[in-house]
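Engineer: Mind looking over this structure? Questions follow.
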């Protein structure tokens, strides 16, 4: 505070904390420079090149404050394993059940619900990663397990050809199990970093969303032309590589201490989930997913059936989803640029309202009202996909950020997995509920007379979810939502896995001034 403040001095936010690496002054100075706010005059002079470089600077900032191999892990898991593999899996298996196995849409909805079983088991995977290290490592071995399981399952279903439904379903569930194990492992890292560096929690979720959307774009674009399931073995192979390269400090926990760690984890989970500020938003997240019943398979069968719907080809279906993936990226950018500072309740209220409104576009499309007003099917369905993807992404990211805010440090992997298990139960309920509705309304492979009624019921339930918004906390996205003693009771660590130490910015003002003076002298030269 006693330093001189020349005209070129740009002060940092007083409340900002930057993770510093001990005995690394140069990197600390770079962190301070990256985190200082920009003046309005500087922003006004932003050139197209600086706008183009902004995403790369953002990635550089994340890599400097987090570990680069962690960023690589997010790209692999969210970009390849979930984004590419998930999108390719969705299109190829939809046609597989329809054209190869020739299953009714209501039955497919039930089968797809079984895909969520590995996701419902996420607390088990999370518990293993938190309290059962293998040779001292909590994360690496589980990336290897996920990769091997996914690779073997994908190769089996791709090479065996047409098999009994039970065998095919087992292989497909094996693929989703590999994705789920990798997801819970990287989510444990994300939850830990979100707790220790709160200001970066929205940025980490934005990175996950962008990677997922880019991977989905590639997966959907290729699914219409490369229908072979063998491509699903590629992401698990890279997961195996990730298991060898991701940075992790080896744990020194003795075998005799694992039982004690397990008891602490279970006690911490029980204590945390009983808090009203935890179970209420968890209940909302479940109901918001479960009540929005899925009618996807009925719609998919309809718009690929030549005698009833618009008869879209597999290539065009892939293109529709690819454009939707681009729209998802737009949704992430909208959230990152304009919505990440809004309170949880307000943001989710308006997102849910828009979510219900966009669902009415499906009714308009099925009743072919778009043709009455002169809008072609191909244009309308792409427009509808873009709008729904943007709203869905804006609705989903705040719920994930909220979930990270509810995790106590020390069992963050297990508890975050528990919250994601609740979300998976919501998705499973949505699929099975939609399958039951399709069956009750007699929607089959060739009869779609009552499909519009099923979609209308789905939209009504989406609007009804708004009445539950009181379960969501009013706090901002950077607020602590659980008591501090819960956060600290489960962890004795003061340093994270990367050796980063949190230090207030004011303690580094001398280094900041020196770096800024050097920068200004270079500009004068």
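Our numbering is plain: 1 for the first residue shown, then up by one each step along the chain.
Placed from the backbone N, Cα and C atoms, the Cβ positions cover glycine too.
Unlike curated records, TrEMBL annotations are generated automatically.
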Engineer: Given the ranges 109-129, 193-213, 256-276, 277-297, which one is assigned the annotation transmembrane segment in TrEMBL?
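Structural biologist: It is 109-129 that TrEMBL annotates as transmembrane segment.
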Engineer: Transmembrane segment per TrEMBL sits at which of 36-55, 316-335, 376-395?
Structural biologist: 316-335
Engineer: Can at least 3 Cβ pairs under 8 A be found between the transmembrane segment (141-159) and the transmembrane segment (316-335), with each pair 6 or more apart in sequence?
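Structural biologist: Checked: the transmembrane segment (141-159) vs the transmembrane segment (316-335), no contact.
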Engineer: Test of understanding: applying the rule of at least three C-beta pairs under 8 Å (pairs 6 or more apart in sequence), is the transmembrane segment (70-89) touching the transmembrane segment (226-249)?
Structural biologist: yes
Engineer: Counting only residues 6 or more past its boundaries, what in the same chain has a CB within less than 8 Å of a CB in the transmembrane segment (316-335)?
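Structural biologist: Non-local partners: 83, 87, 90-91, 202, 206, 209-210, 212-214, 216-217, 219-225, 300, 303-304, 378, 381-382, 385-394, 397-398.
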